[in-house]
Each structure stands twice: as structure tokens, then as C-alpha cells.
């Protein structure tokens, strides 16, 4: 919702956040999304889809580093990656930093998102769209995983919230077909919203993931532009040993890559899986 120079998020009914608008850079509704991109003096450029903040220049690095590097470093031998969604290019940018990865497939329902983010958020992708390892498929994510014969070591679901086009990417059917697209010991991760305000959605994701993977959990990060508390990331795999790696071995994997980060490190990685008791209690009841 826009009120003069103020934009109000409309994800939650009784609470929310607002941003002042310095300048509207783009605003249009297409058959998939209602998109606005505007400038804010604190957060830089902000993109909202269907009334919900998707990304900002200021804090995008937290989300993209955590959703990408946690599964890659836990696994240790990722070669083939599928990104479902992710048209802003941030996940792609982080994946492309790993030179050992051989193939990257991105499935994005709306080509317009990719084009807009290339124009208005160039630092998100940092020229990663030119990487020769990348293949872009314009399709619905659920439809793609239902039909593809390809196999992946890692699937990252960088979706919108479970409303509109994004709803399909939280269904048990989606997780089932993602599982079928993974090689043995493959990993699925995805964004799952803010637990404090989206508890029911996260509980349902937990149930759906448990139907398809032996090791299911969530890990977390605090991202200022995602209102209401810590952002939850879902984790699913059949290999129960990945999360048993000790911190020294994890640190060695990270050091060997010779990468630098703005948020992610080995301590953040390990501690992100230690959830507050109220979340544990709620998941146990589900």
C-alpha cells in the first residue's frame, strides 16, 4: 500500500512495517506479480512483490549468504545446483563464487523479474548472469521439478511467501518432486518466512518436509527488512551426517575456498541451527 511518500507492507494483518519513498523507480502489475521498486534513504533500493518486501540493497547479503553457503559447506562436494526462483540474482552471485560448482540451473516463473533486477539491482547478481555454467529456464518451479529428468546435488528454493505464485513452492508435492530431483545425499534448502508471525506456514512446511526427508530442520538469520523476528530457512536431506561435521573441519572447508563474506562464518553457520525453545516446542507439537 502506498500513502503519499510512505509504503506500507501488507504481509500481516495486524502488524507491519513501512518505508519512506524517496523515489519510485518502477511500478507495474503483470499476470504474475504486482511489483514496485523504490529508493529509500536507509535501505537503498527496495523491491516489493504483491505488497511484500523481497529484497533491499542494504541487507540482501545476509539472506543470500546464508541460503547459499550453509548447504554448500555442509555438503562439501556440490557440483550441480538448481535455484527455484531467485530472479534478483543474489543466490546466483553467491553460488558462482564457488568455482568447483559445474552446472547451475535457475527456474524463474517471471523473466521480467530477472530483467528488472539486472537494471535496478546490478550488485545483486554482480555479472553472474553471464556465467557460462548458468542455464535459465522460464517456468513454474513445481512444473519444472515434476517434469525434469535432471539430477542435482543441491536445490535452493528462493521463493516469495506462500501466497499467489509462491504457494506451490511450499506444498508437499513440491518437496516430493524436489526429493526425486536430488542425487543420493542431495540437499534441499528454502526460505520459510519469519517464525514469530508465520508459525502456521512454517509448521506446515515442517510436516511436508518430514514426509520426504530423513533429516529435516530449520536454521535462522536476522534480516532487518524481513519484519517480525528471525528468518527461517528450511533444511532437508537423507544424509544425517552432514550436520555432524565438527567446526574445525568446517573451518578448513571454508578456508580452502579462500572466500570472504559479510555475514557468514563458521560460528554463524553452526549456531544458526540452534533454535529458541519456543520454536522447538512448536515444531515438536506439529
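Cβ coordinates are placed from backbone N, Cα and C, and glycine is handled just like the others.
What you are looking at is a predicted structure, and each value in this text was computed from that prediction instead of being measured.
Residue 158 (active site, proton acceptor) has a Cβ environment of 26 other Cβ atoms inside 10 Å. Taken from Swiss-Prot, the feature active site, proton acceptor covers 158, and the record attributes it to sequence analysis.
Every protein chain considered, the tally of other Cβ atoms within 10 Å of the Cβ of residue 88 (spermidine binding site) stands at 25. Residues annotated as spermidine binding site in Swiss-Prot: 64, 88, 158, 159, 160, 161.
In the three-state DSSP assignment, the secondary structure recorded for residue 140 (S-methyl-5'-thioadenosine binding site) is coil. Per Swiss-Prot, the feature S-methyl-5'-thioadenosine binding site maps to 108, 140, 141; the stated evidence is sequence analysis.
Per Swiss-Prot, the feature domain 'PABS' maps to 5-238; the stated evidence is sequence analysis.
Taking the Cα atom of each, residue 158 (active site, proton acceptor) and residue 64 (spermidine binding site) are about 9 angstrom apart.
Same-chain residues at least 6 positions away in sequence with a Cβ under 8 Å from that of residue 64 (spermidine binding site) are, in sequence order, 90, 91, 93, 94, 124.
Fewest other C-beta atoms within 10 angstroms, among the binding-site residues 140, 159, are seen around 140.
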